[in-house]
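Comments concern the structure below.
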Amino acid sequence: MDAKKENKESSYIMEDDGDIGSVMGFSGFGKKARTFDINAIFEQTRRTAIERSQRVLEEREKEAQMEVEGESSKSIKTSVQSEGTKASAGASRANKSGSSSDDSESDSEVIGPPAPPQSAAQEDDELVGPPLPPGYTGNTANSDDDEDDEEATQEDDDDPVKKIPDTHEIILQHGTKTVSAMALDPSGARLVTGGYDYDVRFWDFAGMDQSLQAFRSLQPCECHQIKTLQYSITGDVLLVVSGNAQAKVLDRDGFNVMECIKGDQYIVDMANTKGHTAMLNSGCWHPKIKEEFMTCSNDGTVRTWDVKSEKQHKSVFKPRSFQGKKVIPVCCTYSRDGKLIAAGCQDGSIQIWDRNLSVHTKFHCRQAHAVGSDTSCLSFSYDGVTLASRGGDDTLKVWDIRNFRKPVNEASGLTNYFAMTDCCFSPDDKLLLTGTSVKREEGSGKLVFFDRLSFKRVYEIEVTNASVVRCLWHPKLNQIMAGTGNGLAKVYYDPVKSHRGAKLCVVKSQRKGKHAETLTQDYIITPHALPMFRDARQRSTRKQLEKDRLDPKKSHKPEPPVSGPGRGGRVAAHGGTLSSFIVKNIALDKTDDSNPREAILRHAKEASENPYWVAPAYKQTQPEPVFAEESDEDEEADKEPEWKKRKI
């Protein structure tokens with residue numbers, strides 16, 4: 001019977017095991033598992049969470065009472081909140097001791113610290129979170145400070161003078177003569193300067209260190225002064241306008257890309273020539289078309305060119321005076337959109353053409369500047385409406401091209417001794433910048449800033465004790481470049497307001513120059529020498545040389561004698577070949593200051609007694625020499641001078 005009962009129980013267990021295995025996905029429930037009361041576990045967890053949250057709330061209340069002193073209202077509110085939390089905790093405890101029917105309600109409650117009373121928070125308009133620190137003044141003071149800061153920033157934005165980057169400067173030494181041309185590429189990475197010394201120097205801000213040396217210097221136009229330099233809108237080519245009749249285009253590294261053709265100077269109508277026939281004065285690139293540029297010349301024409309066709313210009317513009325005579329254009333420029341071409345002429349006029357219509361002018365001002373003065377610069381504003389002109393009559397004028405009869409504003413007393421003195425607008429179009437000229441050692445050249453609207457002189461920078469010829473304000477770098485009459489190129493920048501440019505090179509330490517290699521012998525390159533005389537290929541020994549130079553013993557050690565065939569230009573003491581013997585004895589002093597006759601007769605006795613070279617060959621056929629004896633009178637006659645013999 002017992003055996004049958006055990007078999008029945010085991011069969012029941014196997015059936016239960018199979019049912020559970022089909023449901024749970026695994027089997028093996030032979031042993032009885034430990035039973036757990038899930039309701040009891042949830043109840044215990046809930047009590048533990050409430051006790052911990054109550055303990056944390058009490059600690060926060062103590063900290064708040066210690067920190068907040070004197071703020072009675074806030075402390076009262078926090079105590080009210082703590083009493084509410086205690087009441088909610090007591091209510092939850094009362095619910096815990098309820099019947100089993102309340103257990104299902106307690107299970108649905110959220111475990112954790114109780115939420116703050118939202119109605120009170122909304123009425124008091126307080127933020128939920130830890131108490132405020134003792135030095136807090138409230139939202140009103142904060143908002144007032146923010147408003148003050150905003151007003152200050154607005155004032156800074158409204159005042160364009162505070163945007164001028166002039167707190168720091170670097171000096172680039174181009175040469176000793178006037179820097180007559182200057183250009184920056186559109187990205188602001190490379191600066192190019194040209195001068196009266198015919199040189200064009202390339203400066204790379206990212207590659208320079210504190211020594212501020214140009215990485216390339218060349219003379220693209222031989223012995224002609226550089227008038228204008230300008231990068232194209234893409235920055236890949238550079239326009240060089242010099243004192244000759246042919247403009248050049250160089251690449252970024254200074255190699256020639258194209259050279260304009262020279263026109264036939266015997267043709268009267270300049271429109272029928274292929275290029276300029278006289279000295280160039282200025283030039284510039286088209287602001288939208290990267291292949292087109294423009295030049296003006298003393299032949300009385302303004303010509304546009306294409307980089308791809310150097311044998312022929314694209315179009316010709318001929319300025320004319322009031323009487324219809326030829327006028328020489330001194331400067332030229334494109335408008336910002338590239339649709340207009342402006343030229344300043346020697347008769348004081350400013351003439352503007354439509355780029356596509358080269359016959360008649362679109363805008364014309366006959367008496368823009370004094371007659372006979374060179375209008376040194378024309379510059380359009382960034383909005384394309386205003387034109388600034390720098391005249392040789394010491395004036396700076398601003399024109400509205402929509403009403404081109406009279407200048408909008410004018411400033412006088414700006415000395416100008418150069419035919420290429422610049423003027424330019426600030427990047428925000430609120431300021432106008434130009435340079436002043438001075439005689440040698442009679443003052444300082446200045447950069448003068450004018451407000452565009454009121455045209456008041458709002459700021460000026462003393463550059464150096466020479467004239468300020470070229471100036472430009474790069475919009476991306478927010479840095480000002482100035483070229484002077486004593487060969488300097490100055491870069492003004494602000495560490496906060498400016499970007500890249502001069503800031504890249506001033507932070508780099510100057511590279512150390514290599515020590516003179518006095519401890520080593522010069523390396524003589526002899527590619528066709530025999531293997532026994534060929535020097536071994538030298539490797540870089542700079543670090544070893546620096547160590548030897550610091551070593552007190554090695555630095556005073558004399559050169560050891562050469563062993564073997566010789567090396568480094570030195571011959572060994574025992575040369576094994578004729579060439580080594582000759583080289584070794586070249587420097588020996590074998591001069592004999594004695595009488596040459598006596599030096600020869602010294603060996604006469606030995607040669608007669610022991611003949612070796614010539615005498616043995618003619619020994620058998622050599623006749624015996626017979627010499628006549630000379631008398632004393634003949635010897636005296638031989639001693640007489642030549643002039644006495646001639647008289648006789």
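Backbone N, Cα and C define each Cβ position, glycine as well.
Heads up, TrEMBL stuff is auto-annotated, nobody curated it.
The compositional bias 'Polar residues' annotation in TrEMBL covers 73-85.
Per TrEMBL, compositional bias 'Basic and acidic residues' is recorded for 535-559.
The annotation region 'Disordered' is assigned in TrEMBL to 1-21 (among others).
The region 'Disordered' annotation in TrEMBL covers 57-163 (among others).
Residues or ranges marked as region 'Disordered' by TrEMBL: 535-574 (among others).
Summarising the annotation, TrEMBL assigns region 'Disordered' to 619-648 (among others).
Here TrEMBL flags 172-204 (among others) as repeat 'WD'. The predicted model assigns the repeat 'WD' (172-204) a mean pLDDT of 91.
Same-chain residues lying 6 or more positions outside the repeat 'WD' (273-315) and placing a CB less than 8 Å from one of its CB atoms are 227-228, 230-234, 237, 239, 241-247, 249, 257-265, 267, 326-338, 341, 343, 355, 358, 419-420. As annotated by TrEMBL, repeat 'WD' applies to 273-315 (among others).
The repeat 'WD' feature in TrEMBL is assigned to 334-354 (among others). Beyond its flanks by at least six residues, the repeat 'WD' (334-354) meets 284-289, 294, 296, 302, 304, 317, 319, 321, 327-328, 360-378, 380-384, 387, 389, 391, 393, 399, 401, 404 of its own chain at Cβ-Cβ distances under 8 Å.
When DSSP labels each residue, the repeat 'WD' (378-403) comes out as 0 helix, 15 strand, 11 coil, counted as helix, strand and coil in that order. Per TrEMBL, repeat 'WD' is recorded for 378-403 (among others).
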Count the residues of the repeat 'WD' (334-354) that DSSP assigns to helix (H, G, I), to strand (E, B) and to coil, and report the three numbers in that order.
0 helix, 12 strand, 9 coil
Sequence-remote contacts (6 or more beyond its ends) of the repeat 'WD' (378-403), Cβ cut-off under 8 Å?
331-337, 340, 342-344, 348, 350, 352, 363, 365, 368-370, 409-416, 419, 421-425, 427, 429, 432, 434, 450, 452, 455
